[in-house]
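I have placed the structure first, in the form of C-alpha cells, so that the comments after it can refer back to it.
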Amino acid sequence: MTSRTEAVKAYLLDLQDRICSALETEDGGARFVEDAWVREAGGGGRTRVIGDGKVIEKGGVNFSHVFGAGLPPSASAHRPELAGRGFEALGVSLVIHPHNPHVPTSHANVRFFIAEKEGEEAVWWFGGGFDLTPYYGNEEDCIHWHRVAEQACAPFGADVYPRYKAWCDRYFHLKHRGEPRGIGGLFFDDLNEWDFDTCFAFIRAIGDAYVNAYLPIVQRRKDTPYTPQQREFQEYRRGRYVEFNLVYDRGTLFGLQSGGRTESILMSLPPQVRWGYDWKAAPGSEEARLTEYFLQDRDWLGQ
C-alpha cells in the first residue's frame, strides 16, 4: 500500500468504529456483530451488522479493501481508458433500516479507488455521499438533513453542495417508476478535481457529517406511535429501495462483478418488504403526500 492508501484506510476503519458506536448508543439495545472476511482474489473487510434492536430493525456498516488485476465493467464503463488496469478499492458503506415508519432509512458511503498500470501514472479518485429515504415525510427532517450536507460542503466552495445535491437527485432515481428513491442529499464520484489532500479532507468532512445529519432525526421520530397500516406502507415503500439497489446501484454492481462478498453487498436490503399489484395511496393521505410533495427534486434550503 502507498502512504495515501494507508491514510485513507486508517480513516475509514476509524469512521466505521465511530459510526457503529454512535448507532449502538442511540439504539440502546442491540449491538453490532462483526464478521471479518478475506477475499480470495485479494483483500477483505469487516462487515458489521445490527438487528432487532429498540430502534434499528436491520442495519450494516461495512468496511472493505479489495484489489485485483483489472477493473470490473461497472467501474470502467464511463472511463474506458481505465479498462485493464489493476485496481485497489477501499470504502465504508452503511444502510440503516429502522422499525418505526416515521424514522427514515439512511444510506452513506465514502470510497477511494486507485487504478494502476505498469509504466503509467496511477489514477485515483474518491466517491461517496449520503441520502435519506423517508416513508412519512417531515419538512423539519428534510431541511436538517440538507443543512448538514451544505455545511459539510461549504469549506470546499459555494458550488459544491448544489452540484452534488443535484447529482444525488439524478443518481437515486428509479427510471422505471419515474420517481426518486428518497429526498436525496449528496452524491459524487470520480472526485479528483482538487489535489489529493483537499479531496481526502472533503471525504472526511462528508463521512464525519453523517451521524450529525441522521441521529437528530432518529431522536425526534423514534417514539412516534404508528399503526399496522403505516407499517405496511413502510414495507411497500421499501420495495423501491430493493428495486434501486438491485437494478441501478453502482456499488452493488461493482461488488458483484468484482467477486465481492455477496452477504456484505446485499446487507443493504431491508428485512421485510412487500409488493402490491398497482397499489395506490388514498387521495389526500399522508401516503399520497410522500410522492406528491416529498419525493420531488426540491430545493429544501431555498424554499
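Don't overthink the numbers, they just go from 1 along the chain as shown.
Backbone N, Cα and C atoms are what each Cβ position is placed from, and that goes for glycine too.
Taken from Swiss-Prot, the feature substrate binding site applies to Ser93, Asn109, Val110, Arg111, Gly259, Gly260, Arg261, supported by sequence analysis. Taking the Cβ of Gly259 (substrate binding site) as centre and 10 Å as the limit, one finds 14 other Cβ atoms among all the protein chains shown.
As annotated by Swiss-Prot, divalent metal cation binding site applies to His97, His107, His146, His176, with the evidence given as sequence analysis. Using a 10 Å radius centred on the Cβ of His146 (divalent metal cation binding site) and all shown protein chains, the other Cβ atoms total 24.
Positions annotated as active site, proton donor by Swiss-Prot: His107. A strand conformation is recorded for His107 (divalent metal cation binding site) in the three-state DSSP classification. When other Cβ atoms within 10 Å of the Cβ of His107 (divalent metal cation binding site) are tallied across all protein chains shown, the result is 26.
In sequence order, Glu243, Val247 make up the list of same-chain residues 6 or more apart from His176 (divalent metal cation binding site) whose Cβ falls under 8 Å from its Cβ. In the three-state DSSP reading, His176 (divalent metal cation binding site) counts as coil. Per Swiss-Prot, site 'Important for dimerization' is recorded for His176, and the stated evidence type is sequence analysis.
Long-range contacts of the region 'Important for dimerization' (241-276) within the same chain, counting only residues at least 6 positions beyond its ends with a Cβ under 8 Å from a Cβ of the stretch, are 35, 37, 39-41, 45, 47, 49, 51, 57-58, 60, 62, 64, 66, 68, 72-75, 89, 91, 93, 95, 97, 105, 107, 109, 111, 133, 172, 174-177, 181, 189, 232, 235. According to Swiss-Prot, the region 'Important for dimerization' annotation covers 241-276.
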Just to confirm: which same-chain residues, 6+ apart in sequence, have a Cβ under 8 Å from the Cβ of His97 (divalent metal cation binding site)?
Ile56, Glu57, Lys58, Gly59, Thr105, Arg238, Pro270, Pro271
Per DSSP, what is the residue count of the region 'Important for dimerization' (241-276) in each of helix, strand and coil?
22 helix, 0 strand, 14 coil
Across the whole of the region 'Important for dimerization' (241-276), what does the mean pLDDT come to? Round it, please.
88
Does DSSP give His146 (divalent metal cation binding site) helix, strand or coil?
helix
